[in-house]
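According to TrEMBL:
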- Glu400: active site, proton acceptor (ACT_SITE)
- Tyr488: active site, proton donor (ACT_SITE)
- Gln245, Leu246, Glu247, Pro370, Tyr371, Gly372, Gly373, Met374, Glu375, Arg686, Met687, Lys688: peptide binding site (BINDING)
- His399, His403, Glu422: Zn(2+) binding site (BINDING)
- 567-728: domain 'Peptidase M1 leukotriene A4 hydrolase/aminopeptidase C-terminal' (DOMAIN)
Amino acid sequence: MAEIGGGERERERESQTLAKKMCQKYRSFLLVKTIFELFFFSNQDILRQEMALTWDSIINYSPFIFVGLITVAMQRSPLKKLFPSLKKYSVATTTRTKMTLPAVLEARRPAQCPEFDYSTLSNYKDFTVKHTTLNMDINFEKSKISGNVVYQLNRNQNRQQNKQLIHLDTSHLIVSSIQIDGIDTKSFHLEDRVEPLGSKLIIEPSKELPTEFQLTLAFETTDKCTALQWLTAKQTSGKPYVFSQLEAIHARSLFPSFDTPSIKSPFSANITSPLPVVFSGISSSDVEGTMYKFEQTVPIPAYLVGIASGDLVSAPIGPRSTVYTEPFRLKDAQWEFNGDVEKFITAAESIIFPYEWGTYDILINVDSYPYGGMESPNMTFATPTLIAHDKSNIDVIAHELAHSWSGNLVTNCSWNHFWLNEGWTVYLERRIVGKLHGEPTRHFSALIGLTDLQNSIDSMTNPTRFSTLVQCLNDGTDPDEAFSSVPYEKGFNFLFYLENLVGGPQEFDPFIKHYFTKFAKQSLDTFQFLDTLFEFYHDKRDLLETVDWEKWLFTPGMPPLQKFDTTLADNVYILAKKWVSAAKAQMSYEQLLKEFQNDDISKFNANQIMLFLETLTTGGNTVTETSSFKWSDYPDVARILLQIYKKGIMDSQNAEVVFKIYKFEVLAHLQEHYSELADWLGTVGRMKFVRPGYRLLNQVHRDLALATFDRFKDTYHPICRSLVKQDLGL
């Protein structure tokens, strides 16, 4: 096919849309029906949108429509391997010569894409995992999970090295027996542990491995397992509880695995427990006694496996959604999420393409859960701090839902490229929120994110290394150590910049659909993303050449500042600056009461309250401004502020607001509130609050910070406990 020109490119894109919608309206026509039923209808929901077409308009586009039919078919069909000769007609791989990226990018391109994952000890390149089955028994009395994992493997013929060996990841794990095609093998051993990656399991088959074979490994977790947190009945609502958290490299602590996001497979799970179980898949209706069965038909990497068991009950919150939690939280959880989740799903589908996973359920976890949420497919694990009793934190669900496309369906190949998961997810989350609540809301969320990003970078011990968008963890650095707001917020800003560069959402949206279609069920690196971007916008090459790629991708620090709509933030900034001016003027108590009233914030929503408190702590400045102002010089004014705004701020049940209050109080050196923050740190496990909370206490009262951590450390998740120890220098 000849090089496609600018005008024809536009026609080609339009023809793709026409092709899809024509098939919805005229799929009874024999040719259309035959082509699409053969190639395309693995997911008929893709054609939900309908457009009124005349045959004149179709004939007008007939040459392009046919190519569009084939292209769409080849992108979506599970039968595409049967017709390799048709691949050359794909839009993504037209016969035009593969273009190179700008020199600054080509100079950094790895030898092979996707880039090798150095955070795994497995020889994952040597095998294709066709299916994984987990057979597990949960033992609350011994606080362990035991069972076996069964891999259906294909040996990759083009790989010569280590073809007689199998290397798997393990960490603090007991492996008791191994079978290859049902025959025991005694030739296996664990190498010495290499921190933080664990112990490589080496299996030496007695004869050459067949092209296809089954590998079964019996395992048992230990008390050093970093993948699980066990809670006693006294720590929960009255019954024991266990949950997993496998991201980034903790799957290897639960079962022997190719613990890399580069390897995906469908999963089956058969889990025995005396208490109800949830899993990252769809539950089978035929529960057999204490055996719970699940299927995950969409290929996923090991880190997305999620398991929880405890005193769980459930309630519907939408036509394809259910919330699970402990009994005492069920009523509040159902109220918080009911009716909104389906709106998020529908909005996301209109931006990308139909939801692939069937159901979308939510587990409200126990207090010690370390994250805001974890995108376990079909079963989002969420923190109880989302229950604010006013729905003000529900946008976190929009984030976890967006992971159903970015991260779960299209996945970073290694943790160097984590922004491909999280930057895209924040971008899609804000597009969903903007679609439901308006563009100013999307931009306001971006402004809050920018502040969080600045705080995150400021608190880093090594910002030069960990504040670049593309990371380099090839020396065996723990991906948890690199975890920050950078891949989330810097990644979002990068995509927001590209959106505006190419002409706004109307120009960027076709790329969104193309990108997620092209890489669905695959793992990729940044350079494959860039290749796709340049191929899709080949007619805008000159524009893309103007991007400072080095600055965006490989330079530490804050990203180039974007222009955001500040409509919802302007009054917040004005009020914060007014308070700073009043403090500097050393206004009296009477003057302050006359100047400020609770009505100042009565129309602020929870997000505006958060921005107000955060802006106060920076001396009334935005992220682009600096100031030497310190509230510790004006503690009396700080006390009066909190007194005046008691109804709008101090009475909030939103954990985000509560933490911002504590931060303001500590920075103002209001010592009477230090112990309140210390006590609160024993009620939450979410690292977003726990880690900065201890850092704040450590700045003003190290003895209290250490005593508080010693009091609560056993209630925290192992990941959280380890990182807080680092923060405190222990």
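Going from the start of the chain as shown, residues are counted 1 onward.
Using N, Cα and C of the backbone, Cβ positions are placed for all residues, glycine too.
In TrEMBL, annotation is done automatically, which means it is predicted and not curated.
Close to the residue listed as 'active site, proton acceptor', meaning Cα to Cα within 10 A, are the following binding-site residues out of Gln245, Glu247, Tyr371, Gly373, Glu375, Met687: Gly373, Glu375. Using Cα positions, the member of the recorded positions His399, His403, Glu422, Tyr488 nearest to Glu375 (peptide binding site) is identified as His403. Counting Cβ atoms from all protein chains shown, Glu422 (Zn(2+) binding site) has 26 others lying within 10 Å of its own Cβ. Around the Cβ of Glu247 (peptide binding site), 27 further Cβ atoms fall within 10 Å across all displayed protein chains. Checking Cα-Cα distances from Tyr488 (active site, proton donor) against the binding-site residues (Gln245, Glu247, Tyr371, His403, Glu422, Met687) with a 10 Å cut-off leaves Glu422, in sequence order. Residues Gln245, Leu246, Glu247, Pro370, Tyr371, Gly372, Gly373, Met374, Glu375, Arg686, Met687, Lys688 are the ones the record ties to peptide, and the longest Cα gap between any two of them is 18 Å.
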